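*Asks:* Quick one: the structure is below, questions incoming.
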Amino acid sequence: MIEVGETMGELPTNKIVFCERSWKTPVSILAFLIFVTFAWGIYLLDHYDEDDNFHGADDLSVGQFLVRNIAMPHVQRLYHTVPPAVVGVGGGGVNAGPVASGAIVGTNGYVITTLHSVSKLPEISVQVATTGGIRRFPAQVVKTIPGHDLALLKMQTTEKFLHFRMADVQTVVPGQQVFAFGRNMAGAPLVRQGLVQSADAPLAVGATQITHLLRSDAVYSWEQTGGPLVNAQGDLVGINIAATGPTGKVEGFTVPAQVIVSHLQDVVRFKKGSATAPGQPQTQTVAAGSTNWWSKARAVVGGPTAIPGMGMNVVQGNVVKGNVAPSIPSGMPFIDTDHVGGAKIGGYSVADIVGLVMLALAAGVTGGMMTMGGGVLQVAGMMVFFGYGMYLIRPVVFLTNVVVYGAASLRNDKAQLVQWDKVKPLIPWGIAGVILGYFIGNAIGDSVVGILLGLFALIMAGKAVMEILQPNAGEETAESISATEAEDEMDELMALADGTSRPKASGLALPEGHARSAVLGLPMGLFSGILGISGGVIEVPLQRYVGRISLQNAIANSSVLVFWASVAGSVVAFLHGSSTGLIHWEAPVTLALVMIPGAYVGGIIGARLMRVLPVRVLKGVYAATMAAIALKMLTSV
């Protein structure tokens, strides 16, 4: 009997050959090769390019790349080179298809499309054909031109893109050969060749009369709306608008390049295409072997044909005969004196500079007279009259406030009106509020901000009207009102205009601590960040009735708080805008430099008007201004 653990005799000799050989080295080599294979596969998938023809072309315009790419026949090169600069514009949903086309006009990702296509979209995305396939980028409105149905978008990215140069207006003549591009619902590019039919054509869109348009038969589908019309050099002749004519057929219009440059060169530094004398033929010899390609590209008007290997639908509106591309017919060039010529300073016309200065002056006067409302007027004016988006407005207003309220803080500190022991605990809350408000404002979008701004102005107008209707709101000037007669902050401000009255503090008492500091500092920052206003209209009443201090001290303390909140807002707006590719520092800094002098001078004028004009007149002007802002902002939604 064998018990557990016992063995009978000697164990047999190990005859397994594998265990007698060295196996670790080959297995290690095999494992390493497998790892390298998988790593290489992952790298290839990550760096896969559907079309490597455009490597190194990020900083080039279409025209520049077209000259460099000479391997294909001339028109085939055009059809192959233009589509990467043509984008689809749609909503922000994952499965949202394009509602219009667009054209990339700046290497940093600026896109021009039609305003009516994006005005009602809560979110905007841009679909771009890259070497790695179609990519989707979120975008924001930078500026709008309602009179020409244009919207300038900025993709939220710091990447570089192939883009268009702007065609020289002198080369645009009736009969000129052009190509209208777009992207269809599937994101595939489409193009039709045609001719410029007429210049300076009008188009009525609802109640808006659009002028200075080109007519072209190259536009045949709504999918080309917002897309580029280009010439044979690949330069942007204009942005397409597809309209339904009286017969129900699509009629093609184009907002020409000189209109685009005139209205948007304050934000984008456009590249200019090479000029060709009008009436001179542009002969391009087509390379040998292109006959077969043209036989594939030709199609009946209205029936696009896909070009094998190019993924593009081409409609041949005017068939090219022979081996030579058509020349430009002789004719009078399109001269647009309304948008071409004139002095430009930093990309701004003299008229635009005067308009911006006058807006800043009016905002300064309003703020100087009533110590509130100036920021509301500045933001609303930049949105309505100049079409700027909040991404550009906020850093401009913040920079303006830094200078204007910085100077006011120094004056108030010199007059010993700033209560530093009360202000210092509020500064962190004001900074936190403006940062939080900035991101909230970005999240809700410009349309919601416009509504909030209109409602805010409406409330301020109603408040002023109620005070006008009070029995004691007569025709007195600031000097004739005593502090005891001043029952609200507006009347009290008039009593303080001569600097002699010091009203008794009154209001709601809150215990000292973080909660009190938050109540006094956070709301001002939130309103400033969301709406882009200074926030003084919120802070002064809070300082007065919650802080229980006199109006003089409330105004002085508020100026310091607005200054530091604006400094923080400027830093956040520039850092966030630059890191996400939304803004570049040149545009907001230039705008601020234009507007700061007007705002500063306007504040001085407004302070003097407060001392000499009757109270009823001051309140009436203020109420009318706020009511006009509310009406415009709420009806333009």
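Just so you know, glycine gets a Cβ as well, placed from its N, Cα and C.
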*Asks:* For A167 and E467, give whether Swiss-Prot records them on the same side of the membrane.
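*Replies:* According to Swiss-Prot, E467 sits on the same side as A167.
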*Asks:* Looking only at residues six or more beyond either end of the transmembrane segment (417-437), which have a C-beta under 8 A from one in the stretch?
*Replies:* 409, 517-518, 520-531, 535, 547, 549, 552-553, 555-557, 559-562, 564-566, 568-569, 572
*Asks:* Could you tell me whether the transmembrane segment (379-399) and the transmembrane segment (555-575) have 3+ CB pairs under 8 A, leaving out pairs under 6 positions apart?
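*Replies:* Contact criterion met.
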*Asks:* Would you count the other CB atoms within 10 A of the CB of H263 (divalent metal cation binding site), including those on all shown protein chains?
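*Replies:* There are 22 of them.
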*Asks:* Using DSSP, would you call H263 (divalent metal cation binding site) helix, strand or coil?
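*Replies:* In three-state terms, H263 (divalent metal cation binding site) counts as helix.
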*Asks:* Taking helix as H, G and I and strand as E and B in DSSP, count the residues of the topological domain 'Cytoplasmic' (608-616) in helix, strand and coil.
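*Replies:* Grouping H, G, I as helix and E, B as strand yields 7 helix, 0 strand, 2 coil.
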*Asks:* So which of 25-45, 379-399, 587-607, 617-637 has the most C-beta pairs under 8 Å when paired with the transmembrane segment (439-459)?
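*Replies:* Result: 617-637.
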*Asks:* Among 379-399, 587-607, 617-637, point out the range having the most Cβ pairs under 8 angstroms from the transmembrane segment (518-538).
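*Replies:* Checked against 379-399, 587-607, 617-637; highest Cβ contact count belongs to 379-399.
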